[in-house]
Amino acid sequence: MVDNQASDSPNENNDKLDVLKSTQKVIHTALDKLGYPDEVYELLKEPVRMMAVRIPVRMDDDSIKIFTGFRSQHNDAVGPTKGGVRFHPDVTEKEVKALSIWMSLKAGIVDLPYGGGKGGIVCDPREMSFRELEGLSRGYVRSISQIVGPTKDIPAPDVFTNSQIMAWMMDEYSRIDEFNNPGFITGKPLVLGGSHGRESATAKGVTICIQEAAKKKGLDVKDARVVIQGFGNAGSFLAKFLNDAGAKVIGISDAYGGLHDPDGLDIDYLLDRRDSFGTVTKLFKNTISNTDLLELDCDILVPAAVENQITEDNAYNINASIVVEAANGPTTLTATKILSDRGILLVPDVLASAGGVTVSYFEWVQNNQGYYWSEEEVEEKLYKVMLKGFNSVYNTAETRRVDMRLAAYMVGVRKMAEAARFRGWI
């Protein structure tokens, strides 16, 4: 009998949106399984540092609008904290805290010398001009400049942020620091010290996990039927990689709905028509809901959108052999248990989406040494790191008889706990 992590409360609707509580539950269970005392959990259950800032921006109509931003640093026992900055209207302090904890776990799983960090600004970049976004990006860096830096906390792109926004942030930090310091941030344009392969790194890491999970299930990715929820950076690159590998992508979606063709969608056609925010379905009349998309009959389902998409309400209706979480927190704990009990192999977010932070680490290393790698070198190194991480989690799940999520947390949390122990913090 596989031991699952603590499930949500019987009334999942009370807790399912509280990603921080869910994360803390699994961390507590993982530490208990590993034999650590409760004081380790008390140290790791919350970020060591959380900053909330107010950012004034002069808008195009000459008014001043105040935006709220956050930066969370979960734990720096292993090394500097690392994690993206998201621009989204639904950003909350609690979400940013949880995301920073997940970043610590990702770094531990793939054995990077980082703790987890995360940032966010409450805004809708789809309704802002280029100039307004620049002002917001620079203002955010000015607000958090005292707690970030290449040896403290290294930001990166996330939801609705990209290499241009990273470039503005790097430039602003360099002005404040009075030194051109590309290692302050990752996900930059190549001409400003970015790394080959960074833009597609998350999707590349997910692809590696899909290939390894398929082997465990006796599936061939070639001709496998794949459904991808989300057509942003990770989802769109993933669709291309899997399509190129011979898989049949039969469903994709964005925030406005989904597209389905049992014979396989024309991915190149959709990529050509996708806008910068990952929207494509508005161009089509015959769409399906995201709810229906998740329940399509397929071999591999990839939630690559937002949190809490697979819940106890639809987990019994998932018709896939493998679920690989490209998004952060798309499956609730109750749903995780249901999928595991049904024999569905779930590759959790903290493993599957670790490709992004891995290539961010490569970029940081290249910035620090002033020597840059080819795309082939980056991809080769990424493959080795992701394969090692996948095998570590899968073997832990098998030997400890736990599900893949709990196994991933056990692998990810151990490095933090040991670093804190050797430092004498616990």
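Including glycine, each Cβ sits where the backbone N, Cα and C put it.
Taken from TrEMBL, the feature active site, proton donor covers K118. The Cβ of K118 (active site, proton donor) lies under 8 Å from the Cβ of F70, R71, S72, H74, G83, G84, V85, R86, V96, K97, L99, S100, W102, M103, D158, each of these being in the same chain and 6 or more residues away along the sequence.
Around the Cβ of K82 (substrate binding site), a 10 Å sphere holds 28 further Cβ atoms from the protein chains shown. According to TrEMBL, the substrate binding site annotation covers K82, K106, S360.
The Cβ of T202 (NAD(+) binding site) has N233, A234, F237, A326, S353, G355, G356 as same-chain neighbours under 8 Å, each 6 or more residues away in sequence. Taken from TrEMBL, the feature NAD(+) binding site covers T202, N233.
TrEMBL lists D158 with the feature site 'Important for catalysis'. Of all Cβ atoms in the shown protein chains, 23 besides its own fall within 10 Å of the Cβ of D158 (site 'Important for catalysis').
With a cut-off of 8 Å between CB atoms and residues at least 6 apart in sequence, the same chain places L112, G116, V350, L351, S353, A354, V357, G412 near K106 (substrate binding site), listed in sequence order. Highlighted in sequence order, G83, M103, A107, L112, Y114, G116, I154, A156, A354, G356, V357, T358, Y361 have their Cβ within 8 Å of the centre of the Cβ atoms of K82, K106, S360, the residues recorded for substrate, and are not part of that set.
Around the Cβ of S360 (substrate binding site), the same chain contributes K82, I154, A156, T186, G187, S195, R198, A201, each under 8 angstroms and 6 or more positions distant in sequence. For N233 (NAD(+) binding site), other Cβ atoms within 10 Å of its Cβ number 24.
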